[in-house]
Amino acid sequence: MSNIQVLASSQLSDKIIARPTTKFHPSIWGDRFLHYNISEQDLVCKQEKVEELIQVVKKEILSSNHDQLKLIDNLQRLGLSYHFESEIEKLLEQLSITHHQNHHDLHDASLWFRLLRQHGFNVSSSIFEKFKDEEGNFKESLITDVPGLLSLYEASHLSYVGESILDEALAFTTTHLKAIVANSKDHPLSHQISIVLHRPLRKTIERLHARFYISIYEKDASHNKLLLELAKLDFNLLQCFHKKELSEITRWWKEHEFAKKFPFARDRMVELYFWILGVYYEPKYSRARKLLTKVIALTSITDDIYDAYGTIDELQLLTKAIQRWDINCMDKLKQEYLKTYYKVMLDSYEEFEKELKKEELYKLEYAKEEMKRIIGGYFEEARWLNEGYFPSFDEHLRVSYVSSGNVLLIATSFVGMHDVVTHETLDWLSKDPKIVSASTLLSRFMDDIGSRKFEQKRNHIPSTVDCYMKQYGVSEEEAIKELNKRVDTHWKEINEDFIRPAVVPFPILVRVLNFTKIVDLLYKEGDDQYTNVGKVLKESIAALLIDSIPL
């Protein structure tokens, strides 16, 4: 939490209060995204052209029976599938009853398996038994089938817990794909292999993959010119929408003077919008996206108040005030920065209420309760630091499961999603379903491993890594290895909750999956790309919010 012992503010109410010395770097973007000017006429023209091409694709391509697997894969990879959801669903239902024995080609069998599993069809991994030899190993002849290896590698990331054949497939393909990159740098698929070895499709943010794949698809001699044109136009159109949204949210941030009022907090508005863009990018979720971005911005400030600035007495008063959620509690907060924060928090949720229909308010109330929960978790961690308490691994998880913020963000992501979210959805969420639990634990472990170096530079509560080391008497390396094994297991558990019939609508499950993908991007490099904005995050933001695709 701080580089010095937290002091009781009641003893220092009329004196200078000793504050933590944690310093976060300022925004690297300045006012770059504050203004975005595009005429409505230009937007309408772009939309009309995209819509025109969509209708042509439906008529000329989707009605064809030619290579439906490849078509669905390309629509998804090019970022176009959201335009053709019903058509893709119909095709997948037809493909699901296609006998897999017809797929003797490794690439096609793997693609069939992956596409169906992605959409919740519980197809059996026994389809890959035919590619093994008499000794139970994958056939050596497959090593030269590079497209097949690549397709099997991607399919292996849709595995469930205990599916040994897919674990074997992952090990087999990883070994040989790495060898291709190392020994055949001129191989036409070498660059693509390097990318997916680092982050497979299952763990990749959809829009980032679309940006990458459009350039790959364009170089493919067999590409469909109509699909390529639509993909480019659609990507650039969505980028216009997103830049317009980011401009609105950046103005909200500026008008509230958050950076000035809370100079100790991370100023990461652009990074936060990118984060939420990874959760849902589709135009129909604009309202949900803007609301969630504002909530995550408020949560980031809250985290820094509890983790890098507030004294234990201040935090105790603030926690009580938040639990009551009553503007009259503001008078009990002694410090001006806390009064300002408290009013902004309550005012923001009042504004959110105005944006929702009366029959939608129960969703916001649920999300508000999650905000109270996370703040309770923040205070528990502050108390640990103040008392020098070292929790057990299990005790740490009980609190840090909440303070990770994952459940809060998932709940809040549902608020603006219109009719797809119902009372039943929130009832499902309240029972801590496997996909949410797996995503949250995965996020907790990756966060703690990724932010470890930075946190060690200041006085901070023990992480799950520290607690695991102490509880089980192992080294840091061994603890990290074990937590990474758990991360792999949690990915498999996420896959399992997509199996049809799902308890909640598919878009709900996708939100949870997408939150997990963002965490993978932010923390996989072994650092915290959000706190200390690094190369990966900067390049990702530029790819989606700065650089358009040449037509």
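Backbone N, Cα and C atoms are what each Cβ position is placed from, and that goes for glycine too.
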Identity of the (2E,6E)-farnesyl diphosphate-site residue among Arg266, Arg287, Arg289, Arg324 (reference: Asp303, Asp307, Arg444, Asp447, source: Swiss-Prot): Arg266
Under 8 Å by Cβ from Asp303 ((2E,6E)-farnesyl diphosphate binding site), same chain, sequence gap 6 or more: Tyr378, Gly405
Cα distance (Å, whole number) from Ser451 (Mg(2+) 3 binding site) to Asp307 ((2E,6E)-farnesyl diphosphate binding site): 13
Tally of residues which DSSP labels helix, strand or coil - the motif 'DDXXD motif' (303-307): 5 helix, 0 strand, 0 coil
Residue, out of the binding-site residues Arg266, Arg444, whose Cβ gathers the largest set of other Cβ atoms within 10 Å: Arg444
Arg444 ((2E,6E)-farnesyl diphosphate binding site) and Ser451 (Mg(2+) 3 binding site), distance between Cα atoms, whole Å: 11
Chain-internal residues, separated by at least six, CB under 8 A from Asp447 ((2E,6E)-farnesyl diphosphate binding site): Ser404, Val519, Tyr523, Asp528
